[in-house]
Amino acid sequence: MVDDSKINLLDLDKVRLEGFFSDLNEKAFRARQVLTWIHQRFVTDFGVMTDLSKSLRDQLAEIATITLPVIEHGYLSADGTYKWLLRLFDGNCIETVFIPEEGRGTLCVSSQVGCVLNCSFCATGKQGFSRNLQVSEIIGQVWLANNALGRDPKGERIITNVVMMGMGEPLANFNHVVAAMNLMLDDFAYGLSWRRVTLSTAGMVPAMDRLRAECPVNLAVSLHAPTDDLRDELVPLNKKYPLRALLAACRRYVSGDKRRAVTFEYVMLEGINDSLQHAQLLARLLQDLPAKVNLIPFNPFPNTIYRCSSIDTINQFRERLLQKGVMTVTRKTRGDDIAAACGQLAGRVQDRTHRALRYQSLANSQTLSA
Ligand code: SAH
């Protein structure tokens, strides 16, 4: 249980921690000291923070905590991908995935318990939605994974990149996600460059502009279709923010900075969005944008109506985009044997939308009538 009478310092980025210490009539540099203890030395006991005075340590123990999610389970994939199931104070569970690659290690972080968006091809959406994660629950994933994985023999952190691509729509939990990313970027915490922190959105247009203004990390957009008709079907949020508005927001996001490009994610669904004509339309859509396309082989989950496109189809689709001058890579499927791949994260969601139930009964009736 969390002690509500105490403030969890893991919920505070540097600016807020400075505010906290100034309220205690302490100097701003206390914030930097405490950030270092928490996020670089992984200390959760105020008693150990020896560069703080004894009286301040006692006062912190009285009024504050450093409380993390609890590791309920860890799963190791045959390909080295590792997934943590984390239990939150209210019994909900979320998932965090570590993906080791040559020369880098990427942590895929969740932002919500479940998701409200209900994209038709995503397992997280089918779980329904419970709530937004607290800052402590978002940065807590980074803390736990870094603490578990540590550093390589050269002293470099094993986790070199963070992608906000786990459960949930990060821009729907804007303030908490930005505070957590501030900590990822803070030299007194995780010290990652903005290029190594990527936020993926299904296209919440106004929040994309806010992100550019407040915390301009790398942007990925889940596109999945080159026309509004098809995208309305796959990503229902498209009805609110259609392609024209979405691409205009992408242009604003990269404008004025030549180092920036938007990554567009495109899940390959057999017979749905994977024809050469779709590739052609996609290339046209992206022609005047610094863009990279990431083709994601569809990862199946129970009761889905979709299938993944064949390798040949994916290759031809990629070739066509490359011919048209669009930088395109196919994302390697990782961790699918432990249900850790894109779109497979489900955690344990106390669904308040009852969507999981409706989806289950729909799937049952389809099986019955098939
Ligand atoms: N809500 C955000 C963050 C989730 S990121 C977003 O939509 O971008 C997870 C990525 O995996 C998204 O690009 C999502 O569209 C993709 N994805 C979802 N379900 C998938 C599936 N079953 N197979 C492959 N990719 C999937």
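Just so you know, glycine gets a Cβ as well, placed from its N, Cα and C.
Not measured: the values here are computed from a predicted model.
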Of SER193, SER200, SER275, residue recorded by TrEMBL at the S-adenosyl-L-methionine site of GLY168, GLU169, SER222, LEU223, HIS224, ASN299: SER200
CYS115 ([4Fe-4S] cluster binding site): tally of other CB atoms within 10 A of its CB: 28
Among CYS119, CYS122, LEU223, the one of these binding-site residues whose Cβ has the fewest neighbouring Cβ atoms within 10 Å: CYS119
Collapsed DSSP category at GLU95 (active site, proton acceptor): strand
Env. residues of [4Fe-4S] cluster site, Cβ within 8 Å of mean position of CYS115, CYS119, CYS122 Cβ: LEU117, ASN118, PHE121, ALA123, THR124, GLY125, LYS126, GLU169, ALA202, GLY343
